[in-house]
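Everything on this sheet refers to the single structure shown next.
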Amino acid sequence: MAAILLLLLGFSWSLAVESALAPKESESSASAMLGAGTGAAATVSLSGDYSSLLSNVPAASPVPANPSQPSGPANQCSWSYNGTSSVHCALRLIERQPGLDLQGADGSSQLTIQCSELYLFESTLPVAVFARLQTLEALRLDSCKLLQLPNNAFEGLATLKSLRLSTHNSEWGPTRTLELFPDSLGGLKQLTDLDLGDNNLRQLPSGFLCPVGNLQVLNLTRNRIRTAEQMGFADMNCGAGSGSAGSELQVLDASHNELRSISESWGISRLRRLQHLNLAYNNLSELSGEALAGLASLRIVNLSNNHLETLPEGLFAGSKELREIHLQQNELYELPKGLFHRLEQLLVVDLSGNQLTSNHVDNTTFAGLIRLIVLNLAHNALTRIDYRTFKELYFLQILNLRNNSIGHIEDNAFLPLYNLHTLNLAENRLHTLDDKLFNGLYVLSKLTLNNNLISVVEPAVFKNCSDLKELDLSSNQLNEVPRALQDLAMLRTLDLGENQIRTFDNQSFKNLHQLTGLRLIDNQIGNITVGMFQDLPRLSVLNLAKNRIQSIERGSFDKNFELEAIRLDRNFLADINGVFATLVSLLWLNLSENHLVWFDYAFIPSNLKWLDIHGNYIEALGNYYKLQEEIRVKTLDASHNRITEIGPMSIPNTIELLFINNNLIGNVQPNAFVDKANLARVDLYANQLSKLQLQQLRVAPVVAPKPLPEFYLGGNPFECDCTMDWLQRINNLTTRQHPRVMDMANIECVMPHARGAAVRPLSGLRPQDFLCRYESHCFALCHCCDFDACDCEMTCPSNCTCYHDQIWSTNVVDCGGQQTTELPRRVPMDSSVVYLDGNNFPVLKNHAFIGRKNLRALYVNGSQVAAIQNRTFASLASLQLLHLADNKLRTLHGYEFEQLSALRELYLQNNQLTTIENATLAPLAALELIRIDGNRLVTLPIWQMHATHFGTRLKSISLGRNQWSCRCQFLQALTSYVADNALIVQDAQDIYCMAASSGTGSAALEDSSSNSGSLEKRELDFNATGAACTDYYSGGSMLQHGIPESYIPLLAAALALLFLLVVIAMVFAFRESLRIWLFAHYGVRVFGPRCEESEKLYDAVLLHSAKDSEFVCQHLAAQLETGRPPLRVCLQHRDLAHDATHYQLLEATRVSRRVVILLTRNFLQTEWARCELRRSVHDALRGRPQKLVIIEEPEVAFEAESDIELLPYLKTSAVHRIRRSDRHFWEKLRYALPVDYPTFRGNNYTLELDHHNHERVKQPASPGLLYRQAPPPAYCGPADAVGIGAVPQVVPVNASVPAEQNYSTATTATPSPRPQRRGEQPGSGSGGNHHLHAQYYQHHGMRPPSEHIYSSIDSDYSTLDNEQHMLMMPGAPGGLAMEAAQRAQTWRPKREQLHLQQAQAGTLGSKASQAAHQQQQQQQQQQQQQPNPTAVSGQQQGPHVQAYLV
């Protein structure tokens, strides 16, 4: 029975996946089927434990779970014994002096020394400290912070076989490492087990293992060894007689280190008998093919949890005895051919958690592994399974293919696996289960197919799997119960949850007579009728949660005699009458979150132990037949319903856990829990309980030491009147017949008294806060209640409310807020608190409160009180609190507070007090708090009153917001008092003095009330007490006495200078914004450049990406070229060739006054990546960074600053950086660009043919200009159709140049006109030349390059000369031919050179042509008068060419 109850504690279904790597994982159970049934499939258990290797090695005694902290000297042991041979020593640390006293371990064979983990101090191990322990066989040192293990540290332990040393130095610090020496293990010839784990080791010294020739187990886990060579196997040169170190080693654990690679030289081949190698949890990313060479005895290798991407061929070739290979959790994406070749003894291969694909797992991967039992390929990237993949794995029993992307499995793929009993194909992409998929799996007992895309299950798919016991088809796309299940007569658990099954009939589970667990959660099942489960006689767990079930027919489960647990939660059930009453075996029933309205205990079977009906609409826990002995429910969850009342019959007597929270319970019947002897917990929080009596929570007597039942009552609107005072004391009751309230801090009370907060936490209430209202009350011993003048009769005054506590020790009379002018009559004589605030009492008459000897608190604040008569508070001997604040009191004469010897708190703030006589406070011997702030007091010797009347009893005083005098004598005394009583004075920051302002004199202080407008407030410095009095506090003005009039001009000059400095600082700080504003609004460029080169072809050249051409043409260029004033802008992808060379780009920048870069992500990825553009920009800006303007996108700032070539420009202050997102973008851009207001000049080019007379120059073209083509026409949109057909002009060598070539053929919307020569036919021109040029380049196989657009400019830059010299540079095209042509060239006039340059270069477009012709003709006219013959010999170079060549 206990086992069954454990099965019923879970809600969700989970089929346990059996894994050979975790053999201790439990079989699927009934809790997994809610459940599931019990699995009985026999599995092969492969042990990963190597205790057989250590069977002859005694182990050190374990450390106690909670060892006592050692006390006393550091080296003094706190001994504990486990038997006669095992000893445990606990101490703080090991010190060299005095030596470690091990007398308590004499004769023992096992010793554990554990240092305190709380002391991070270095321990020192003396040499031969264990020499006296001749019989010791096992030694363990734990948590001792050793930094060195000296030579011969264990001398004398000749019989020691096991040594475990764990310093945990990494907890001390990353640099605290344990240093070993070659002879640290000297004398331990019998040592077989050495554990050096968790020591923060960096390396093992050479020859460290030489003294321990019989060592079999070496543990180096959790250290910081980074290279395999640092483990000391490579250079183990032991002397003669020492034997071969490591020859007997069988187990090596180097996991959890920092190894990155393993080469063939790490020396592990010396370990001939090594059987187990653990290198897991390192940083291995590379292995040598000879890393495991020589390990012929190796049986287990663990390389899991590393970073291996591939493995070398022949890695395991020398280890034919391998049994297990663990390669999980790496980054393997391929396996070399023959990796497992001839490993015929291999039993386990784990390749899970890698990146293997089906292209690298084929029929040769596992060939020859005929003894393989476990194969784990889970969490990889397999997409298909070939029918030959597992062709030789005849003895395979467990195959895990979980979490791949397998979408296709060939027929008969598992046919060779006739011993397979566990197959996991979960979390793949299978769509169909065909008839031949599981052929050959005759002994398959567990099949997992959840989380696929299965929608079709063919009828004969399981015909060869008749022994299947566990089947998981959850989370697929099934629409019905597969008919193929009828072949599984031995099936015990079936999971069909999370599918789309709508209905099933009486034949759906035919032949499943052994089925014990059925899971159908989260489907679309409708109603349940008789016969649906009739073929499941052994069904014990049924999960139908999260469906659409509205009704269950009576008798639907009559054939299921063994049904023990049912889940029907989250359905639409409205009635369960007669459905479950006959299920005598039912123990667990979940009906939560349905639509149940009616519930009765007659609906459930008598043996039910666990019932969940929360989240319904149940209004009462009915028990019509008053069943108590017949009900055995122990856990009942009826929360989140509509229950309004509970009583003794609502709760079974066997109940242990009761959850009825979040209901509408407003009444708990008395003794509702008395008969519940096993009650442990009741949740009643979040209900509607307002009143609760102590007897209503009474429980059955609980005998100690059994704990009291736990009740939770928070979240109820309790009205904490005088009947609820027990709630604070319930946990302190000693009768043990009441529960323990566990959430006392969460209980809140609705207070019946209107004073204070309406809702207060229970923990903050006092006993006198639990009050009940009354109108009239007469005590039992009072005999005068029938008479009018009866002092013992409690009658509440009219228009007042009165309250009392449980024992009438507190009597509150609240007459506040009535605005009455008369004190209430017949206030009860036993009143303890009286509220008279918020009324209108101009005068408090004498003897107004006579006879109220129990009055403790009186509130007369805010009642317009202007005077208090003599003996008003007479006979109030118990009064402790008196509130007179917010009234109109002006003077206290000294008799007001007589006989108030018990008064502790007096509130006089916010009145109009100007005078308080010294005797006023004398009777207040017990005063602890007084407030006189917010009045009109001028002088009050409060320090004398304090010393005379209060002494040390006064704890709080408030003096602020008065009109204290600034007279020297008074002010010194006041400031000294405040400074000396800083802990008592609560409002020192509000204390100030009032002095007469200038012109009024000291007479203003004589009547401060009438002259308040002529006073000025002055702050007081309480840190300068005792200082000499000055006229500052005497009433004079500062200007009259403090500052001489002669200093006024100097002060004015200083202020003017300060103002000027502030203005200059602001102008300097915002100088850039000011410049831009002045330029944008008035056209004034302040502090601009002294000289701006105006004789330039363009104002700016704009470098941008071709992808940004639309924005550049339609926005930037349009705004700049059409604005006022218009600018001449050269666009890179409009006015230059698309593949412009370095020289073309360089010249374009040199004839422009500014270089503008549109810095976008497209520009960085395209244009800036070109070497020609970067080189041109650098050359053009060399020494002139102010010429650069950068328009940058905000999102590319980080990428731009990451560019090492672009960063200097971005960090230079002379460069203009403008963000496109700046709201003053256009103003800043125009300010950064040069502006020349246009001057009208005459145009030398007209349409009249008579005005032009050009000579035709015939001469061979320069060889350096052969490979040039004209630029494309300058246009932005498709509307510019003129000149689109212009083609490059090419001039062959020695060809004559016609005069027509002096003019551009590339035009824009407005082409540049040229004159027509005499005899020239219209339409003739360069067409023939173009054809000739095309033939020339086609004949020579050459592509004509772009023509330089500025070669026709006759200016200071000498473009033709520059180009000639550039072409003569090494690597320039045509350099040698150019030099020869220049030597052979004779002198010609400048005009003739100009025509030659125009013929060779061509033009850019209309704008370039017009500007070029204008400059050419102007310069021609100037040069005709003074010809300047120049020898074009290559010896003279332009200034820019010389600078470039330098």
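Glycine is treated like the rest: Cβ placed from N, Cα and C.
What Swiss-Prot records for this protein:
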REGION    1301-1332  region 'Disordered'
REGION    1388-1446  region 'Disordered'
REPEAT    133-156  repeat 'LRR 1'
REPEAT    246-270  repeat 'LRR 5'
REPEAT    536-559  repeat 'LRR 17'
REPEAT    606-629  repeat 'LRR 20'
REPEAT    631-652  repeat 'LRR 21'
REPEAT    951-979  repeat 'LRR 29'
TOPO_DOM  17-1049  topological domain 'Extracellular'
TOPO_DOM  1071-1446  topological domain 'Cytoplasmic'
TRANSMEM  1050-1070  transmembrane segment
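Nonlocal intrachain contacts for the repeat 'LRR 21' (631-652), taken as residues 6+ away from its ends with a CB within less than 8 angstroms of a stretch CB, comprise 592, 601, 604, 606-621, 623, 658-669, 671-676, 678, 683, 688. Across the repeat 'LRR 29' (951-979), DSSP helix (H, G, I), strand (E, B) and coil residues number 12 helix, 5 strand, 12 coil. Secondary structure of the repeat 'LRR 20' (606-629) per DSSP, as helix, strand and coil residue counts: 0 helix, 4 strand, 20 coil. The predicted model assigns the repeat 'LRR 20' (606-629) a mean pLDDT of 94.
Each residue of the repeat 'LRR 5' (246-270) gets a DSSP state, and the totals for helix, strand and coil are 3 helix, 5 strand, 17 coil.
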